[in-house]
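Participant: Pulled these features from Swiss-Prot for this protein:
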BINDING   17-24, 81-85, 135-138  GTP binding site
DOMAIN    8-283  domain 'tr-type G'
């Protein structure tokens, strides 16, 4: 089978937005205009739109699919869904890993909002080129130039308008294209009757000329040839300007801004043109790097069909029709349905059963995938999010996504016996889809504990369990994932001797413990000289230490960032065995409590609260009362932003408290930042509670 679209004509994009900027409608309209069946103008008076939308409402395909494939102007556009809420930054990060470019959607009334900033910063970290779509131009208070200004003021983004709206709010009736110098007038609300004229409308010509001048000046910074022409007053052709805007956008230091109203079907086709004109194809971005498992060397995989097959699984979903779907992005090479590939992350062989591509209102089974494609596989057994897939001959592991450890846990119990069995299956499926969601059974109480990235994260998962798996469950009070560590060094001599007639037990170790660097985890070194502890017992010593650290020394929380050195010991020819050394090692850990200054650590959250100015004093006081540190404040438009570091244990119920303090006008976002030592008085309470 030959390729349908060349790599150069492929675009893998995400739609990024704040919760209410209109991301869903924008995505729906993109799919409507690129739909293979309903090309605009083929059907009468919008009948096509209505039936499509009804089917859409019944099945909800576009919004639930992790990646949808569409066509536009001879290009293939794969749209990867990105969530809009901050508890799901992991979802956002994982989609940013597999897309090449993005459309940032803003609300024309509010411009850049707090969540926009978080997502924007993540996209900058991953070096993702963006175009900006200022949506909801028909809304009361919509102001295009103000929105462009917020990009400069709040994100310090080098953003330039490449379009200008004609009218605003109810009067929004057209768009001026500053690049091609054309005017688009919309004569109906379906976006089907469009009148295109060359030049600018007379009453807006001055403003349009001025903005076009600013655009050329802005883009000339990235292109010397254009700069010379501009300074010498020569005519710059439309093609030259487009090429220069593309070059500047790909540098991730220049952002073209477009305008429209997805709901009223205005500006979406022009935005699709911009996606094709200015966003990168897989060939324009840096080739993916990975580690060759055989040689341990870093290697690069070129985006080409001739290169060996390599792909990254970026989302696992459970589909009611076909079961487990694994969405993956192909970086190099090709693979056929029915063939075997290797999951190099897990070292397992997987069969690529069927390959599906999701379209706006259908799913298509395809015989093979090519470099740059995004598709879903049916039939994978062991593959989870972040795993690398490659050809069986060429071992490579692409840099995997790193997922933060969950910071909040709750106990969950089924409401009835019937729910009991279903709950286990539901939790297993949800954990498979979301790497930051963990589920475990507490061995002492038999309770099921679920852990995640925040209260909202867990609420939504419990809600999905009810909706998708029909499991009713009661949820307990949230618990914080504390950790323990040591602040001092200690040399501990630990002997385990048991003699009760017949063969005894004998294990003796001397272990030096000291704090490791933050985040470095547990390190074990064997410094035994002269075989005083036989080599075959050393793994048992390490094992004993690790298990004991996992069970805590103060309050039963895992101990992190510790170095252990086995320096001396002794053994008995008859009575020594692995078990005895394991017990001796774990007894050594118990003694750390008094000898190595053991402390409890708690997760600290980076919190941003956005509030109207009059609540400033109240909120600052509240942050302090929650043991928080205010780390900065800034004015953002007419609101104030308070940035603070607050312990997670003090953040429960904050959403409700903030709502009542600010009459519902405050918003906040928080994400895990680091672990910090708990103050003595609180540590004593935690220990008391843990040890009952």
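Here the Cβ of each residue, glycine as well, is placed from N, Cα and C on the backbone.
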Participant: Where does residue 17 (GTP binding site) sit in the DSSP three-state scheme?
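Facilitator: Strand, per DSSP.
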Participant: Does DSSP give residue 23 (GTP binding site) helix, strand or coil?
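Facilitator: DSSP call for residue 23 (GTP binding site): helix.
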Participant: Just to confirm my parser: what is the rounded mean pLDDT across the domain 'tr-type G' (8-283)?
Facilitator: 80
Participant: Within 10 Å of the Cβ of residue 82 (GTP binding site), how many other Cβ atoms are there?
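Facilitator: There are 23 such Cβ atoms around residue 82 (GTP binding site).
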